[in-house]
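Below is one structure, written out as structure tokens; the observations come after it.
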Amino acid sequence: MVPVVALVGRPNVGKSTLFNRLTRTRDALVADFPGLTRDRKYGRAEIEGREFICIDTGGIDGTEDGVETRMAEQSLLAIEEADVVLFMVDARSGLMPADEAIAKHLRSREKPTFLVANKTDGLDPDQAVVDFYALGLGEIYPIAASHGRGVLSLLEHVLLPWMEDLAPQEEVDEDAEYWAQFEAEENGEEEEEDDFDPQSLPIKLAIVGRPNVGKSTLTNRILGEERVVVYDMPGTTRDSIYIPMERDGREYVLIDTAGVRKRGKITDAVEKFSVIKTLQAIEDANVVMLVIDAREGISDQDLSLLGFILNSGRSLVIVVNKWDGLSQEVKEQVKETLDFRLGFIDFARVHFISALHGSGVGNLFESVREAYDSSTRRVGTSMLTRIMTMAVEDHQPPLVRGRRVKLKYAHAGGYNPPIVVIHGNQVKDLPDSYKRYLMNYFRKSLDVMGSPIRIQFKEGENPYANKRNTLTPTQMRKRKRLMKHIKKSK
């Protein structure tokens with residue numbers, strides 16, 4: 001399970017500042033869903049290789065009606081979704097009645113809660129936080145989010161130990177044990193070829209999308225066609241069900257974010273679009289099916305969700321549902337809109353289906369397997385270096401400060417998604433346009449479909465950096481004569 005951390009507190013206590021500080025470690029694309037979650041933002045963050053989802057909530061006023069006000073509904077829902085809460089207060093403003101109301105509500109929820117006193121820059125932290133002990137939430141962690149002061153300590157001494165208790169490292173790195181063998185390449189870490197085979201693992205497939213686009217119908221259609229579901233295996237992600245299934249001799253784990261197998265237990269809150277549930281399913285999947293309603297077209301919510309999928313590095317299959325019943329003219333308009341708004345992800349297969357009637361559903365799994373195989377295929381260093389060399393020959397890197405950027409060699413840096421590491425000189429100065437050129441060149445050369453490909457650049461080390469030049473005996477004698485001449489001239 002990917003842990004969820006919610007930032008709550010009064011308005012203007014620095015929640016958004018801390019949110020930006022936390023998610024910046026992964027340069028995360030914030031999944032902001034307009035309208036549906038007006039005052040909540042979602043982003044991915046990382047601490048020592050352990051990922052978590054961070055929620056930035058709107059301020060809770062704590063008016064005369066208490067904390068349970070309609071203005072705070074979204075923030076209260078974020079508290080329910082979260083595994084841990086960072087309750088933020090303003091050290092400069094001191095203890096306020098709204099802080100007491102929020103603390104009372106948090107105590108009633110019995111959620112792991114840590115009290116964070118922000119804006120302690122320029123203050124004596126010990127004196128600034130004294131009043132907040134009256135909230136009865138235990139130790140107080142002073143920070144200055146705008147400057148980053150105390151944030152690392154907060155992560156290391158609060159979130160990291162809590163995450164260790166929530167999910168031991170061996171559980172978090174469950175898949176890493178498999179992928180570690182994949183990454184050992186020409187560096188003395190040779191492994192037996194048959195020790196690891198990605199084809200032997202079930203493909204984790206998540207079906208995600210906005211409400212009422214047909215996720216449940218598609219899930220039922222897939223399961224109804226196969227009828228080989230052995231049992232429902234409840235997942236660690238809340239309100240999601242992990243359903244083992246088999247198709248064409250290949251094992252899958254269908255991550256159902258619609259709760260289709262427990263429909264009788266679904267509450268009104270679950271029927272709404274649960275952002276957290278969807279984000280956790282994406283994080284846990286190998287391949288994601290993004291379902292879009294053909295009648296409504298691409299919405300901002302679809303693009304936000306798509307951005308999170310790409311930022312997570314997951315393989316992608318786009319499914320345009322409710323294709324039946326549309327006139328040919330409307331179909332052409334929908335395709336033109338898709339080409340225009342989704343032109344930046346030309347690597348993903350697009351399928352036009354009717355989940356209700358089953359047309360086109362059978363072709364989805366061919367693209368799912370293709371995407372998974374592309375993301376897990378092993379490529380040697382010699383092949384990657386050869387592709388890089390051909391790319392440079394076709395289009396040389398630009399000049400930077402009068403010198404040509406030099407690319408030396410490339411090797412694999414990871415899989416799922418495929419990562420290519422390029423070593424060279426001045427590679428940090430490469431413009432984004434050339435980086436995109438290299439990424440597209442590698443994708444076409446490797447025939448990668450359905451999976452994003454990432455390129456990382458590493459600067460070659462200067463062997464003479466931080467080393468003083470050692471003069472030869474002849475140079476030493478010349479230097480002495482020169483120094484004598486300078487002294488006589490004075």
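Each Cβ is built from the backbone N, Cα and C atoms, and glycine gets one as well.
Since we're looking at a predicted model, the values are computed, not measured.
Taken from Swiss-Prot as is:
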BINDING   9-16, 56-60, 118-121  GTP 1 binding site
BINDING   209-216, 256-260, 321-324  GTP 2 binding site
DOMAIN    3-166  domain 'EngA-type G 1'
DOMAIN    203-376  domain 'EngA-type G 2'
DOMAIN    377-461  domain 'KH-like'
From binding-site residues Gly9, Asn12, Thr57, Ile60, Thr120, the one whose Cα lies nearest Asn212 (GTP 2 binding site): Thr57
Rounded to the nearest Å - Cα separation of Gly9 (GTP 1 binding site) and Trp323 (GTP 2 binding site): 45
Nearest of the binding-site residues (Gly209, Lys215, Trp323) to Thr57 (GTP 1 binding site) - Cα to Cα: Gly209
Averaged pLDDT, computed only over the residues in the domain 'EngA-type G 2' (203-376): 78
Within the domain 'KH-like' (377-461), residues counted as helix, strand or coil by DSSP: 32 helix, 26 strand, 27 coil
Local Cβ density at Trp323 (GTP 2 binding site) - other Cβ atoms counted within 10 Å: 19
Gly209 (GTP 2 binding site) and Asn12 (GTP 1 binding site), distance between Cα atoms, whole Å: 32
Distance, Trp323 (GTP 2 binding site) to Ile60 (GTP 1 binding site) (CA atoms, angstrom): 43
Lys15 (GTP 1 binding site): nearby binding-site residues from Gly209, Lys215, Trp323, Cα cut-off 10 Å: none
Neighbour tally for Gly9 (GTP 1 binding site), based on other Cβ positions within 10 Å of its Cβ: 25
